[in-house]
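Visitor: Quick one: structure below, then a few questions.
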C-alpha cells in the first residue's frame, strides 16, 4: 500500500476547512437568532464579517470576545439586598409620574424626564442630601483617599478595574492592612483582566489579616480568559457607608502621571451623603456575583443614617453592563445631549459610539447648541485611537468643535450640559462601555459642580489643539486607511 504525503495533507486541510465552515455556520446561527436581542445590527454584521473572512481565527476570537453574559447567573446570589431599594424606586417613579418631584431643586424639576428615565435602573434612585468634591489630578485624589482610609471607623470596600501593586497600589494596600489590624472590614474586588499583572497570591498577607479579595470574571486558565470582552470597568470606594468615590482614575503609578503617556488628566468625584447608598448597593451586587463564600445580605450597617445635612446636590448613580438590554449610561448621555439648550461639553479617551449617539450630537450642534468634544492626541490603544478619529468628519461638518488634548493623556469621561447637569464616571463614549463592560456613572444636578468642571474643561482647551475641517481633510492617505479599517471593526473593539 502506498501513501501520498501531499494527498493526505490535502485531505486533512479539507477536513479542517469543512469543520471550520460548520462551526462558523453554527456561530452565525447563534449570533443572528439566539443572541439577536443582545446585539446591535452593526455588532452582528461585524462578527459575521470576522467569522467568514477569518474562519478558524474568527471562531477563536468569538470564544474570547463574542459571547454574551447571563443576567441570571450574575444575580443568583443577590438575596434580599434589593428589596428596600425596589420599594424606593417604585415610590419615586409613581411620584414623578404624578408630577410630584419631591424637591425644590430647579435642575431636577427642569430635567425631570431625565431623572424619570434613570429611575428605570436598580441603582438609579434620586438622593439630594449630598456634598460633592471633584478631582482632576491623580496625586490630589489619592492623597485624599489615603486620608479617608486612615479615618475609616468600620469598613472599607474597593472595586477597581486596575489595581496595580506598584508604588501607589502598595501604599493603598498597606493603608488597608493597617485598618485590618484595627479590626475593620476590608474587601477588594478587582478585574481579572484590567489587573492582569496582579495575582491572588499578592494578597496573601492582606488576607491573613482578615481582608477579603475577589477577582471579577477570573479565569482558571493561565493567560486565557473566555470573558475577555466583558470586564468590570468600575472604580468605586465606599468608606463606612458615609463616603464614596467614583470616576475615571484607576489605582497605579500611571494615573499619577508616572507612565509612558505622561500627565494623566481624569475626573473623579468624592461624594458624602445619601448617594453613597447607591454606590454601596452596586458594590454588594458586584461582589455577590463573584464571591464563592457567604454572600452579602441587606444590613443596616452598610446603609447607615448619614451624618446630618451635608449638602444639596441631587445625584443618581447609573450602572450598565452586558447582562442588561437597557443601556442606562448611554441613554443618560444621549438624553442630556438632546436636552441641551446652550452648550454641551464632552470628554472621552475613546469615542466610538453608534450612529444614534453621533446623530444626537449632530442634531444638537445643528440646532445651535455649542458642542465641544475633547479626545486624546496620542494613542494608548492604536486601533481604538484611529476609530475615534473616523467619526470626526461628520461631527466637524455639523459644527461640533473637536479638540485633541496635548498635555499628556486625557482619560476623563464627562458629559456636561448648560452649566446645569454633569455626568462623571467610568463609561467611555464607545460601544465597549455602552454594551460590553460593566460601568458606573454619577449624574449630578448641581450648577456649582457643573460650572467648576466647565472651567476645568476650558483650561484643558488651552492645552489642546482644535481640529478643523481643513486639517482633517488634508491628513495623509495612510491615516485615512487606518481610520477606515478601524471603523469597519469598531462595533467589536
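A Cβ is built for glycine as well, from the same backbone N, Cα and C atoms used for every other residue.
Here's the feature list from Swiss-Prot:
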- 13-33: transmembrane segment (TRANSMEM)
- 45-65: transmembrane segment (TRANSMEM)
- 228-255: domain 'PLD phosphodiesterase 1' (DOMAIN)
- 233: active site (ACT_SITE)
- 235: active site (ACT_SITE)
- 240: active site (ACT_SITE)
- 406-433: domain 'PLD phosphodiesterase 2' (DOMAIN)
- 411: active site (ACT_SITE)
- 413: active site (ACT_SITE)
- 418: active site (ACT_SITE)
Visitor: Go through the chain and flag residues at least 6 beyond the ends of the domain 'PLD phosphodiesterase 1' (228-255) whose CB is under 8 A from any CB in it; none is fine as an answer.
Guide: 64-67, 69, 135, 138, 141-142, 145, 148-149, 151-164, 166-169, 172, 189, 191, 193-194, 216-217, 261, 264, 266-272, 275-277, 279-280, 282-283, 286, 301-304, 306-307, 317, 319, 321-322, 411-413, 424-427, 433, 436-442
Visitor: For residue 411 (active site), which of the active-site residues 235, 240, 418 has the nearest Cα in space?
Guide: 235
Visitor: Say you check the Cα of residue 240 (active site) against those of the active-site residues 233, 413, 418; which is nearest?
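Guide: For residue 240 (active site), the spatially nearest of the active-site residues is 233.
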Visitor: Cα-Cα, whole number of Å: residue 418 (active site) versus residue 235 (active site)?
Guide: 27
Visitor: Within the domain 'PLD phosphodiesterase 1' (228-255), how many residues are helix, strand or coil going by DSSP?
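Guide: Breakdown, helix to coil: 3 helix, 12 strand, 13 coil.
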Visitor: Tally every other Cβ atom lying within 10 Å of the Cβ atom of residue 418 (active site).
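Guide: Total other Cβ atoms inside 10 Å, all chains included: 21.
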Visitor: Summarise the model's confidence over the domain 'PLD phosphodiesterase 2' (406-433) as a mean pLDDT value.
Guide: 97
Visitor: When DSSP is mapped onto helix/strand/coil, what comes out for residue 418 (active site)?
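Guide: Going by the DSSP assignment, residue 418 (active site) belongs to neither helix nor strand, so it counts as coil.
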